[in-house]
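Undergrad: When I checked TrEMBL for this same protein, it listed these features:
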TRANSMEM  402-425  transmembrane segment
TRANSMEM  445-467  transmembrane segment
TRANSMEM  474-494  transmembrane segment
TRANSMEM  506-533  transmembrane segment
TRANSMEM  545-567  transmembrane segment
TRANSMEM  579-600  transmembrane segment
TRANSMEM  662-686  transmembrane segment
TRANSMEM  698-720  transmembrane segment
TRANSMEM  732-751  transmembrane segment
TRANSMEM  757-776  transmembrane segment
Amino acid sequence: TSKRKHRRRWALGSCARHKAQPPGVLLGDQRSAGSMAPAVCRPSRAQVLSATRLHFPAGTEVVPEATVKHLQGYATSTMDLGVAAAVAVNCLQAEVLRIIKEAAPKLRVQVLHVPVWGAFVPALNTLLGEAQRRGKQFILYQSLEVQCQKSVLLRMFDHFTSDTLVVGPVLDGHTFEAGEQPLNGRTTPWNTLALWCTRKLGLTGFLSVADGMPNSAQLKREFSGGDETSRSQYWARLASGDSQYIDEDSAAPFAGAMGTDQWWESSVTRTKSEAGRAAAEVPAGVEEVTAIALLQHLLGEAGARAKLLDLSSLGGKVSWKADWGGDERRKQWHEYKMASKVARPAAQIKQLFTARFRNRFSASLKQPMLAVGNACGQSEDAHLHFGSVFHYGESIAPPPRVAAICLFAIALFSANFSQIFAAVFRAYNIARSAESQLSPQTAAFMGLIIGGVYLPIPVSLCLTRCVTAVADHIAGLVLCILAVLMSHVAIVLWEANGIEGWRQQVFLLCMRLLQGLGSGVLFQARFVLVSLCTQDRHQELQARMFVAVDVGLGLGALLPWVGTWLLGESELSRGHPEVLSSAMLAVLNFALLLWILAAFPGRLPRLPDRVRFRAGSFRQPAAAPAGPSAAAPTADLEAAPEDRALADHAPPRLQRNRLWQVRLLVSGTARVFVQSAALMTVALWMREADFTGQFRQVQAIAVLCFVPALAEALFSGVLPSWVPQPQERARMFAVGTAVAVLGFYACTTLGSGDIQWQTRAAGLDLLVLLVALAIAQPINCSKLDQLKDAEQTMVVLEWLKAYVGRLAGPLVAIVVQNWLGDQVLMVILCASTVLVALTA
């Protein structure tokens, strides 16, 4: 029936809607964490209209030979591409159609007559109207001399999502720099070859201001009098972008005495005349800039993204043959267009948004458009930018400010985990002084107060997902930071009232659980980072996150010591052990909250899976539900040979082997378990040796965190390039280190001796163990990323690290140390370290 046909056309002609979550999706998985992600388009050749235009000088009766060759090349390449075509001409439409049909008989082409050509815009909008009339989802503007290959169109399709306005390749003359860039004539995609979303562009079309705006007063004089030479000079000046002509009629009148009517009138007139001169003449061309700027103003930058792609890896598949058979006039016109790519759209933008230039301060407060450019670093000079463009190469890294915020959030939550150590160790030292063996109740409370921040992870993830679905990931980060901030403010207020005893312990435990509502930031930050980069960047990101965790743990452990040092004290306050560290963490969390609100994007420019996992032979990641559409990244375009060659050189992907998955999960969990248990173990040993006081225990913990972080950064290659990069020897070094620790521990702990010396030696053993773990873990992550179901496995690993590592690690250390002895504890830690090293 007609209704069923309509529904079928709607389903085939639109971007893929958000699919229902398949059963078995884990909390924290990409399928459940990014409900605000842009829908991924499933384009096909039937949805694309190739559009080009051809203007002949007045009186032309025969198509020039050079133009015939370009038409024939365009026709054959478009037919090979398998898309429909439309050509706009000002005359000779029958002859143009004949040439195209002779070169490509099977090409579906429509030649459109544009009687009023203007400069650029009428022909482009005529082609846009044809694409809308045919119901095409995309319009591929290209110059007649450009040949678009299948591999190029496929790459543009890969980057096209529901929030994309235009995608184009880098051409000669572009200014390319990876990341988000301010919109101008050198950074924008050009209609030389650009794929536009027909529906979005159809809201405004290309603007008439891009066809140029002459000075009306001067134009009137030129047409009412003057010879042909003066008129031609005037139009030449307009075409060249020289809009510095000063109209004599607009000169400021004589100003009278200060305060008189003439004085006030001259001020107002001068302001109007300056505005009139600024708007006098606007050159034509580079119509893409004003269209993108206005649509980003109307739809928001996140709803109309422009993307410029570096496709140099395709080996010259973007062919732009700017050769017109010795036509000097066309050559000079082309050179002029290239030389004025920035000046012409800047003049148009100034006319289009002239009110903002007159009152920049009020515009920045009242007008949302200016905020789009602020992210690209606007200056206060006259060169204001409206809009932004994303530049993408083959390897894509997360935006620096987003990466910095996520890594700082991870480090700050880790500091929140370890800042309790000083108070717990103080309570443990007092308890052991009063009784020979720690009671089970005290041991359980110590384990809960340390690892309690990880207990509410399921609740935190559910809350984070709910707010993210409404207001994107910035809302999830704000929620997590607010939970931690509120808890520390409450601790400061509570301890300021001097309430002590069991009520204080219960309150602190409740606040640790409240802080746990921010634990979802660990999952969300990882998800945000990996969704903004390609797969080749994942190992580096994992290493940076590990370093952030270790640095955060060390800094958090030192916060109580730093606070007491600033107050001139040597020990924690007996009645208020948490007030100083909570006050400092509250300040840091508040600063992070302000940073997020000021710098984090309202909607993330997440990459489609086809772009993120390109090195994997165009594999559809395991996160995608199975179905007919999961077989290929596009509906009817095959992967280009260049992409298959790139996949051949990619790292071999491991099969979905349950044994490999278990090995890597155990290895990753063991690393966090050993680290958490080691931090508690060194403090317990120092208490047995009576090596306490003056924050020695937390200082030892800081050393156990900072030194492995440095080794991890060194062996994972995240340090600057001038630092030696021994990644290729990391596995051998990790295994050798783990074996050496066993022998060193046996030599230093067997027999009698000074207990403090033995404690120092055992602490050194722990430090070497953690260094070996820091070296081996990034290698394990690289193997984990090669699994077929890497994303889901990574989420399982995050859960295991939280509950088995951070929560159970300190508790196991306390129990084993008090009831089984330090030898058994050290054997457990060494065995876990050897396991991690051997699987590296």
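Each Cβ is built from the backbone N, Cα and C atoms, and glycine gets one as well.
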Undergrad: Could you give the residue numbers and ranges of same-chain residues that sit at least 6 residues beyond the transmembrane segment (698-720) on either side and whose C-beta is under 8 angstroms from one of its C-beta atoms?
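TA: For the transmembrane segment (698-720), the nonlocal Cβ contacts are 418, 421-422, 425, 539-540, 543-544, 546-547, 550-551, 553-555, 557-558, 560-561, 675, 678-679, 682-683, 686, 726-727, 730, 733, 763, 766-767, 770-771, 773-775, 777-778.
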Undergrad: Quick one: do the transmembrane segment (579-600) and the transmembrane segment (545-567) reach 3+ CB pairs under 8 Å, ignoring pairs fewer than 6 apart in sequence?
TA: yes
Undergrad: Are there at least 3 C-beta pairs under 8 angstroms linking the transmembrane segment (662-686) and the transmembrane segment (474-494), leaving out pairs fewer than 6 apart in sequence?
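TA: Stretch pair does not touch.
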Undergrad: Among 506-533, 545-567, 662-686, point out the range having the most Cβ pairs under 8 angstroms from the transmembrane segment (445-467).
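TA: So the stretch in question is 506-533.
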Undergrad: Can you say which of 402-425, 506-533, 757-776 has the most Cβ pairs under 8 Å with the transmembrane segment (662-686)?
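TA: By the under-8 Å Cβ criterion, the transmembrane segment (662-686) pairs most with 757-776.
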